[in-house]
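Take a look at the structure set out below.
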Amino acid sequence: MSTPHISAKPGDFAETVLMPGDPLRAKYIAENFLEDARQVTDVRNMFGFTGTYNGKPVSIMGSGMGIPSMSIYARELIVSFGVKNLIRIGTCGGISQDIKIRDVIFAQGASTDSNVNRARVRGYDFAAISDFGLLENGVNAARRLGIDAKIGNVFTTDTFYQADSEFYKELDKLGVMAVDMETAGLYGVAAEYGAKAMALFTVSDHVITGEATPPEERQSTFNEMVKIALESI
Ligand SMILES: O=P(O)(O)O[C@H]1O[C@H](CO)[C@@H](O)[C@H]1O
Ligand SMILES: O=c1cc[nH]c(=O)[nH]1
């Protein structure tokens, strides 16, 4: 049973899917963290894999960048493949002064400059929030692993190259911790189709201070986040 963007059979995906933006990161996780991993889809090179972690079935699939791409894959996974839990594992830009590069952040909620969630509620505001159970499991897993993760509001933007840098300072005053490009859309799709969603990130750069993770360190901080996500299942 294929969809326009996923070529897989019924039962190919586990009930829980971890979604990095980059399909090559999905491949890396499958090869380095899962047992008995097999590739289940490769349409447009948006790779998806299913295997087990500590004996529990889990899938990993890329989401691509931005709300439209994430929304297509999330909707098809839920509606056509019976996926129940979608966990975004991404990178983000730090906004808050309290946030440092390499920190792990949980998106309790996601504000956005996108119109997709307003379109779901006749133009009104929609509070794009994480599923509480997935968030609680994730935070508990981070604590067990001794990782001091931050939890709060993030901003999902359609514009990676933000022209008005003052805007991030205004978000900082409102307590917004970080910026990404998918989470508000993921939370909206999950709500619309009756699935659970949660997002966590590693901070790859800071959009106000300009600090960035050295390339050689990116993999190890990314690994910490993957471990938290897998241990939370
Ligand atoms: O590392 P990923 O998960 O792709 O996340 C972040 O990186 C991309 C931008 O470089 C956007 O997708 C943003 O949300
Ligand atoms: O979406 C993102 C991700 C990392 N850094 C940014 O500035 N934006």
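In case you wondered, yes, glycine gets a Cβ from its N, Cα and C as well.
In TrEMBL, annotation is done automatically, which means it is predicted and not curated.
Record features (TrEMBL):
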BINDING   His5, Asp180, Met181, Glu182, Ser204, Asp205  purine D-ribonucleoside binding site
DOMAIN    17-226  domain 'Nucleoside phosphorylase'
BINDING   Gly21, Arg25, Arg44, Arg88, Ile89, Gly90, Thr91  phosphate binding site
ACT_SITE  Asp205  active site, proton donor
SITE      Arg218  site 'Important for catalytic activity'
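Structure coloured by features recorded in TrEMBL.
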| residue | record | CB count, 10 Å |
| --- | --- | --- |
| His5 | purine D-ribonucleoside binding site | 17 |
| Gly21 | phosphate binding site | 20 |
| Arg25 | phosphate binding site | 21 |
| Arg44 | phosphate binding site | 13 |
| Ile89 | phosphate binding site | 24 |
| Thr91 | phosphate binding site | 21 |
| Met181 | purine D-ribonucleoside binding site | 26 |
| Glu182 | purine D-ribonucleoside binding site | 30 |
| Ser204 | purine D-ribonucleoside binding site | 20 |
| Asp205 | purine D-ribonucleoside binding site | 15 |
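Checking the binding-site residues His5, Arg25, Arg44, Arg88, Ile89, Asp205 for a CB within less than 6 Å of any atom of ligand 1 leaves no residue at all. Pairwise Cα distances among His5, Asp180, Met181, Glu182, Ser204, Asp205, which the record gives as the binders of purine D-ribonucleoside, peak at 31 Å. Comparing Cα positions, Met181 (purine D-ribonucleoside binding site) lies closest to Arg88 out of the recorded positions Arg25, Arg88, Arg218. The binding-site residues shown are Arg25, Arg88, Thr91; of these, the one with its CA atom nearest the CA of Asp180 (purine D-ribonucleoside binding site) is Thr91. Under a cutoff of 8 A between CB atoms, and with a sequence separation of 6+ in the same chain, the neighbours of Arg218 (site 'Important for catalytic activity') are Ser204. The 6 Å Cβ screen around ligand 2 retains Ser204 from the recorded positions Arg25, Arg44, Glu182, Ser204, Arg218, ordered by sequence position. DSSP gives Arg44 (phosphate binding site) a helix state. In three-state terms derived from DSSP, Arg25 (phosphate binding site) belongs to a helical segment. Using a 10 Å Cα-Cα cut-off around Glu182 (purine D-ribonucleoside binding site), the binding-site residues Gly21, Arg25, Arg44, Arg88 reduce to Gly21, Arg88.
His5 (purine D-ribonucleoside binding site) is 15 Å away from Gly21 (phosphate binding site) when you measure Cα to Cα. Under DSSP, Arg218 (site 'Important for catalytic activity') is assigned to a helix (H, G or I) in the three-state scheme.
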